[in-house]
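S.K.: Dropping the structure in here first, questions after.
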Amino acid sequence: MISKRRRLDSEDKENLTEDASKTMPLSKLAKKSHNSHEVEENGSVFVKLLKASGLTLKTGENQNQLGVDQVIFQRKLFQALRKHPAYPKVIEEFVNGLESYTEDSESLRNCLLSCERLQDEEASMGTFYSKSLIKLLLGIDILQPAIIKMLFEKVPQFLFESENRDGINMARLIINQLKWLDRIVDGKDLTAQMMQLISVAPVNLQHDFITSLPEILGDSQHANVGKELGELLVQNTSLTVPILDVFSSLRLDPNFLSKIRQLVMGKLSSVRLEDFPVIVKFLLHSVTDTTSLEVIAELRENLNVQQFILPSRIQASQSKLKSKGLASSSGNQENSDKDCIVLVFDVIKSAIRYEKTISEAWFKAIERIESAAEHKALDVVMLLIIYSTSTQTKKGVEKLLRNKIQSDCIQEQLLDSAFSTHYLVLKDICPSILLLAQTLFHSQDQRIILFGSLLYKYAFKFFDTYCQQEVVGALVTHVCSGTEAEVDTALDVLLELIVLNASAMRLNAAFVKGILDYLENMSPQQIRKIFCILSTLAFSQQPGTSNHIQDDMHLVIRKQLSSTVFKYKLIGIIGAVTMAGIMAEDRSVPSNSSQRSANVSSEQRTQVTSLLQLVHSCTEHSPWASSLYYDEFANLIQERKLAPKTLEWVGQTIFNDFQDAFVVDFCAAPEGDFPFPVKALYGLEEYSTQDGIVINLLPLFYQECAKDASRATSQESSQRSMSSLCLASHFRLLRLCVARQHDGNLDEIDGLLDCPLFLPDLEPGEKLESMSAKDRSLMCSLTFLTFNWFREVVNAFCQQTSPEMKGKVLSRLKDLVELQGILEKYLAVIPDYVPPFASVDLDTLDMMPRSSSAVAAKNRNKGKTGGKKQKADSNKASCSDTLLTEDTSECDMAPSGRSHVDKESTGKEGKTFVSLQNYRAFFRELDIEVFSILHSGLVTKFILDTEMHTEATEVVQLGPAELLFLLEDLSQKLENMLTAPFAKRICCFKNKGRQNIGFSHLHQRSVQDIVHCVVQLLTPMCNHLENIHNFFQCLGAEHLSADDKARATAQEQHTMACCYQKLLQVLHALFAWKGFTHQSKHRLLHSALEVLSNRLKQMEQDQPLEELVSQSFSYLQNFHHSVPSFQCGLYLLRLLMALLEKSAVPNQKKEKLASLAKQLLCRAWPHGEKEKNPTFNDHLHDVLYIYLEHTDNVLKAIEEITGVGVPELVSAPKDAASSTFPTLTRHTFVIFFRVMMAELEKTVKGLQAGTAADSQQVHEEKLLYWNMAVRDFSILLNLMKVFDSYPVLHVCLKYGRRFVEAFLKQCMPLLDFSFRKHREDVLSLLQTLQLNTRLLHHLCGHSKIRQDTRLTKHVPLLKKSLELLVCRVKAMLVLNNCREAFWLGTLKNRDLQGEEIISQDPSSSESNAEDSEDGVTSHVSRNRATEDGEDEASDEQKDQDSDESDDSSS
């Protein structure tokens, strides 16, 4: 066949005839089988030439037969036409014959369909593909134009015809002949005819014809057809999809594509969802490196597929469909929409995976969004998709997400929207999402950890069973990791998942059960959560299912309760009580039979009762364990998790036990030999000898001490006894039982509010010094027990509405304040004292007394730590602080080696002052409800007299001392709950509980609940704040008489000032809470701001947030006139800053904030607040930072301080201060200097260099600003000549280098294109900077002479920056053809005072290098490549050179 082709290429007509004769046998075979269907010649040139070339036409439905190879046929026909005697007229006759032949639709159809090839020919070719007759004829150049013309003439008659019975559309079949032609003779004409056909074709054929264009036209016609399609796109938007699909396959001009892209972008919001995949594909494929960011940003803005999902769901749920058919079509439409969205993101994922430019553009488009309002759910989806594409993108996405989360740009509602809308898209990348969540969990920022937990939550909610299993497994891994923040958050997520989908969680219960092996390292609150999770899974099982989890939990709890190791016993108590609560509230029983339901409920009550009895029997011999059991049981009742009938059984038992153990009649005289006279003290009622009750505290406590001492070496008695150490916790359980049973009414036990206690006179007076150590410890322990009793009494009765009870509660509050003073007196003289425990849990376990053997071993093996307390003297409170370790319980007689007080100070007279904050672990916790007492008014001593004690109907009001007592506790609670956990260092389990000691009850309340309670307290707190404000205003009033001023003692002023500060701290903690950024908390924020706004003027309801913030800011700023201390002023500033964070336009108030900060700096404060006070220095740093951060002109502010305040300080006496800035002294100068240098560097670093295209005015403004910055820098550097201490020099080295680097990056480009027009200004700027760099050079030499490594380690980097500056200045001068302005000179090294530094190495002077006068080692003459930088080793080597020289630019 190859030889035959070569012969055809070289021979003439005779050879053609010979070849035709060779094919005759095949033709004869064909005639024998198909003779009846063969078309007769009838003298037609068309038929004759076809037959001569090897093709036989057939009639009817029979295919035309091709007897030779297609290429041979085309060549034979071509040569037959060219060598025909009538050429070129024969072409016209041939085409006319074809036209006549195809007038019959069947014949035309045959010509458009592929030819039949004979078997022998197929075998020889090895292919089964055969072209149609028309396709073969189009491959002959001399026939192509005429045949194309004929085809386009025939197409219109088939445009509006439907498909044939065999599914063939003739119009499509005709156009298909034009596809993939080897050569197009007249492409321009073909393009014109195609476009003309498209313009008249029906819509369905228009789509097909348009999409066929790339397969029909050659590359030379792409520009023309693109232009015409662009015009058609404008005219007919229904053709957008096929036209854009074609554009992706055409070679078009980028500018043209840019116009089309803009046109499409404008219509993107109005297109149908099914068109999105093609449109997005076009947009992504048409981007270039330069336009990618712009295109992606615009696409992100306009691509909103969410509107196609949510409205359809809402509409489907709200509309009433009239028939099932409509409902079915609606469902199909929703499924179709989801499929289209998946296709859209498949296109995007494909582009991101294979086009790095697109991936980076998406990343940058999301990165540059700065506000939460501008972010969309699409941003979250795209970040997750980018994260899943490759390992190279993961770090970048993690960093960006962290920044967005920390700036509150991406919040929970956005993530929820992303998952609920695009869960089908995200489901495919579930492993990557879980990997990202795991990574975020390892952060130290609680907000980032929370975001990771949300990823787990939504993955579990929206994804399939396999992914749910992976989520639970990952969360269990976090729980067992040992990192407190991870553990807490993972447990919270598991609790949420149980609420979200309990049935799915039950399938994964086996994973969760493995956490039981890690209980030893958990905190009490974590243990509660674990048992809550497992109990919920265990007791929510459907009837008939396996209860293996219940069995495992019962085994674990019984094992821990029976343990002789106290830590495990505590775990068992917590777990048992938690499980009892879940069992009691479980209601998942079938309701088929009321009798069966009653039986099951009775069985549940029996289980709960037996479990509680087990706990009680295991704890009754240990005061520690009993106290924890009572507190845990009380929490269970407080959370309303106990069934009424169970509560009834418990309540009566508790009431009887308490009464028998602690309450005696008033007339019953205490029996025993006590070291002090026993009296009934702190009673609020006058009892006769016949009635009344008393708390039998001293006799019971003293009896316990004696018993402990007598059985120090014996086994613990099995006889049941109630310890006085359980008094407070037992009472808490009692009052919660009574309150629950009587709907909060405590009349049944109201006698405990005012009853006295059997005590000695606790006030030591002058006899304190003469007391023995044993007596001191005994008295101190009784004071602690009394103090904690009153705290629980206030907890119990604080919400009673009776005026009489309210008055008694306030009286108890006064008793608490009095007892605080007594405690401080005792603790000051008993340094090694350890108080009796107040509450027991694992957090405080390490701080409690141990047995003597345990303490001795601990002291031998472990150094003493400030946080851990050892066993104290048996004569102290620890005589009854018995701890069951192993199988013995004894009182340790050996004193601990260290005092509990970590922060103590000794006065000049040798008296030790103690802070009770260090003893927080030994105080009973105040409930959040106690602060409702703040609703009582504040009465100062100006008004307070004894009348209110004599008036029976007058409500006792709150005094300053009692107010301070409450505010201190509230402030600590809010700091612990509302302060962002990322601000607290996340520690390991060894110290995990320290910051939470004393807040165990608080942590069982939600943060939102705490915030809601505080918002309710805003009105009384504002009342107190205004009263204190008026108090200090009156003190400063000139018309106040001397007698009135004398009445306001220093102690009262101090107390009022402390109240002022605590109120501001509480308000700041509230409004700085990050939870307000969540959408669900906005209503709470509005409520809080409305309270403040209404204090200024009565506001209408539902005011916009911005107005509320503005009014609240105005209200609070009015208090700055009366702040009594610098610290109060700082908290006021912080509070105002917290309010500004809630504003959308904070800049309007920033200048006012700066003004307030400046007033604090310019005010003379009491002497004790400034001299060498570290706390004051920290506060001063913060206030100065706030001033410079919020002022509108930082450079001007720095110039004012350095130009006015510092000269006043320099000329003032040694201990004096600046008159303009009284806070600026010689001791605080370093703080001012450091903050000013840092803010100056930050300011210039933020300046934009600009471009040469900027206006001349912009260039002049930037030059002026840089002149001010360099002048400030010069003033600051020159101050180190006067104040040359290490901190000042260190700041100069550190921030001097940073300033030079900022000048290089931000200012030098500006000087490049400003030099020609502003030559003198630029040179003046450089000359000023040269003086500064020379000072820095001298500072480097001075540091080397002082041989202070803290300073010299900064020298190499500073010198490197200075050298780069010299070279950069020279490059700028060369660029502007001003080389003569740069010269090299030699300058000897000098110190800060200008004295020459004598070289220690005479030989080094012969080989020294030339330095710039900026103090930079420069080898410009040696063409040294300074742009590449130098390593520190070379810089340090240069530091050893004795002589250095200078380059200067002028």
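Along the chain as shown, the residues are counted starting at 1.
Note that Cβ sites are derived from N, Cα and C of the backbone, with glycine treated the same way.
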S.K.: Can you dig out which of the ranges 583-609, 799-825, 853-879 Swiss-Prot describes as region 'Disordered'?
M.R.: 853-879
S.K.: Between Ser220 (phosphoserine) and Ser1255 (phosphoserine), how far is it from one CA atom to the other, in Å?
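M.R.: Between the Cα atoms of Ser220 (phosphoserine) and Ser1255 (phosphoserine), the distance comes to 45 Å.
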S.K.: How big is the Cα-to-Cα gap, in Å, between Ser1255 (phosphoserine) and Lys559 (ubiquitin cross-link)?
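M.R.: One finds 82 Å between the Cα atoms of these residues.
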S.K.: Give the three-state DSSP assignment (helix, strand or coil) for Ser1255 (phosphoserine).
M.R.: coil
S.K.: In terms of DSSP three-state secondary structure, what is the assignment for Ser220 (phosphoserine)?
M.R.: helix
S.K.: Fewest other C-beta atoms within 10 angstroms of its own C-beta: which of the modified residues Ser220, Ser1255 fits that?
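M.R.: Lowest Cβ count within 10 Å among the modified residues (Ser220, Ser1255) is Ser1255.
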S.K.: Long-range same-chain neighbours of Lys559 (ubiquitin cross-link), Cβ under 8 Å, sequence gap at least 6?
M.R.: Gly572
